[in-house]
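Peer 1: Let me begin by handing over the structure; questions about it come next.
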Amino acid sequence: MKKNLKYNLTWLAIAAVIYFGLFALYNGGVINLFTDAIIANIGINIILAVSLNLIIGFSGQFSLGHAGFMAIGAYATAIITRDNPTFGGFAMGILLGMLLAGVIALAVGIPTLRLKGDYLAIATLGISEIIRILIINLSGLTNGPAGIFGLPQFSNWQVIFIMMTLSILIVSNFIHSGPGRATLSVREDEIAAESMGVNTTKYKVTAFVLGAVLASVAGSLFASYQQSVFPQDYGFMKSIDVLIIVVFGGIGSTTGAVVAAVVLGFLNMYLQDFGNLRMIIYALAIIVIMIFKPSGLLGTWEFSVKRIFNKFSKKEDDSNASTNS
Amino acid sequence: MEVMIQQLINGLFLGSIYALMALGYTMVYGIIKLINFAHGEIYMIGSFIGYFLINSFNTWGILPNAWGFFIAMIISMAASALLGVVVEFLAYRPLRKSTRIAALITAIGVSYLLQNVMIYFFSPDTRPFPQAIARKAFSIGFVSVSNIQLLILGISVSLMIILQLIVQKTRMGKAMRAVSVDTDAAQLMGINVNRTISFTFALGSALAAAGGMLIGLYYNSIDPMMGVAPGLKSFVAAVLGGIGIIPGAALGGFAIGLIETMSTALGFSDYKDALVYAVLIIILLIRPAGILGKNIKEKV
């Protein structure tokens, strides 16, 4: 435990350095409204990608329903801050979204996670579409297809950054905990894991629920940052966008998810200048990257503080460095 | 009650289009285990080719009415088949040996690409599809049917029968079935796997193009994003019937069409898509391999 604390503190220190770097950039006036939107978007995409990577990359369950859980968080926050425009209301919205997303993920996860591979993908896709259609049709609560706008903005880049750091810490600590190891064993070989006494359903559902809860947080932040929610923002394409980030970074690498979110965020920023050609270039980029580097940018490689520590302390040989942290 | 029967019949016609598209999904999935997300875009491009051809026939003053439509449909099917083969060759073939998720992302990339190329060159506007065949309504008792609906059902069913004959009776069909069972063994028996897969894409794409033109004629409007929703739904149809199984895809397509129109008849038209997905999830939970699917036990 104490050892983990050391690594986590190092991580927090790294995060603090990046935070103050950004802070200096903001105060120095380097960042305008446009770059601020890019940074906020990257932060939100990192939360989404890291949480989807937990489901796809670490537990090996192919989910296409991430946008649905994001929509739950977004709408919970939007509805609460519409009636109660205080910071407390915003916090309550996030918590309610997390709770709702968790409960729904649990309810749909237990039966659907029995399905395998593509069938699970289609079932989760169906669930997220059902959530979206319910949002469109429950217009008394959600204002239907017109969406809700004019919300107070509580999530700025600082809130997003803190939440992003927390999500990364939660996910990476989960992976290196006992349940996390069990989850990885389910990914490697479900039948073998089961025969070794691992309760596969339990760990699959745990990862799925945790991923869904984090997606809901990302949705809350997104709604509050955009100051509006529209049902069409949380369609099938949103799930695909997140999936592209995960695959682009390397399935099963948290570092990869972060790097890919940053790279794609900046790519999108530069592509803005191309106007209508933007989506064509983006699509071509996806195809070309997948053909030439199908394992993603980083594969399953992780940036690891522990390895660096080990390198400096050099107590033993490097063989235990591969059991990274 | 009369409304119900009318909607049941409408569902049959709509379902036959879904079935046509679902066949393409199911064949590709059956043979290389890829969810070909670009299939909906082939359907869209098929209807666009038909649109331009019929319009040119009209301006040149040749091939009026139904003849123009059928000739345009055959050309559109051929062109889409070629497009399907090209897409497979350029985008999917290099990924044959890599993970399925990478192939899936590529398919999504291709679908984005085709959509946006169409938007870039032909504007995102909705266009009226030329009504090459004049609409006539027949009423049999209290049920009314238009000649276009009958045409849709007729063409779809005959294409499905032709497909079934190709798959069951020809050498290529035999090769397709062999490759879908075991690619390596098929190769050892001297089957050219690459050519078989190309042929599968060509067949599926031709069917999708026919579906696109029929839907253009039926709804009288086409636009570059028209492939997304039907693409997704016909994939659902393929899964519902048991993916990889050709009669299953047809059954799933008709089922989806019927669920949609029945939910409209019962007054749930706002929830019809939700209902489609709910039925899908329930079926998957009861029969994880789809209605006609066989449950394959995993080997340890």
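Cβ atoms here come from the backbone N, Cα and C positions, even for glycine.
Among the features that TrEMBL reports, transmembrane segment is placed at A:7-26, A:38-56, A:63-81, A:87-107, A:119-137, A:157-175, A:205-223, A:243-267, A:279-301.
Please situate the listed features within the shown structure.
Peer 2: Among residues of the same chain six or more beyond the transmembrane segment (A:87-107), those with a C-beta under 8 A of the stretch's C-beta atoms are 69, 72-81, 131, 152, 154-155, 205, 208-209, 211-213, 215-217, 219-221, 224.
Outside the transmembrane segment (A:205-223), and at least 6 residues removed from its termini, the chain residues within Cβ reach (under 8 Å) are 43-44, 47-48, 50-52, 54-55, 58-59, 61, 63, 66, 69-78, 90, 93-94, 97-98, 100-102, 104-106, 109-110, 113, 151, 155, 159-160, 163, 167, 170-171, 174, 179, 183, 229, 234.
Away from its own ends, the transmembrane segment (A:243-267) comes close to residues 38-39, 41-42, 45-46, 48-50, 52-53, 56-58, 64, 66, 168, 171-172, 175, 187, 282, 285-286, 289-290, 295-303 of its chain (Cβ-Cβ under 8 Å, at least six residues beyond either end).
Within its own chain, the transmembrane segment (A:279-301) is flanked in space by residues 244, 247-253, 255-256, 259-260, 263, 267-268, 271, which lie at least six positions past its ends and keep a Cβ under 8 Å from the stretch.
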Peer 1: Sort out the residues at least 6 away from either end of the transmembrane segment (A:63-81), same chain, that have Cβ-Cβ distances under 8 Å to it, and list them.
Peer 2: 48, 51-52, 55-56, 89-90, 92-94, 96-98, 100-101, 104-105, 120-122, 124-132, 135, 141-142, 148, 151-152, 154, 208, 211-213, 215-220, 222-224, 228-229, 231, 233-240, 242-243
Peer 1: Taking a Cβ cut-off under 8 Å, which residues six or more beyond the ends of the transmembrane segment (A:119-137) line up next to it in the same chain?
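Peer 2: Contacts with the transmembrane segment (A:119-137): 61-69, 71-72, 75, 104, 108, 112-113, 144-145, 231, 234-236, 239.
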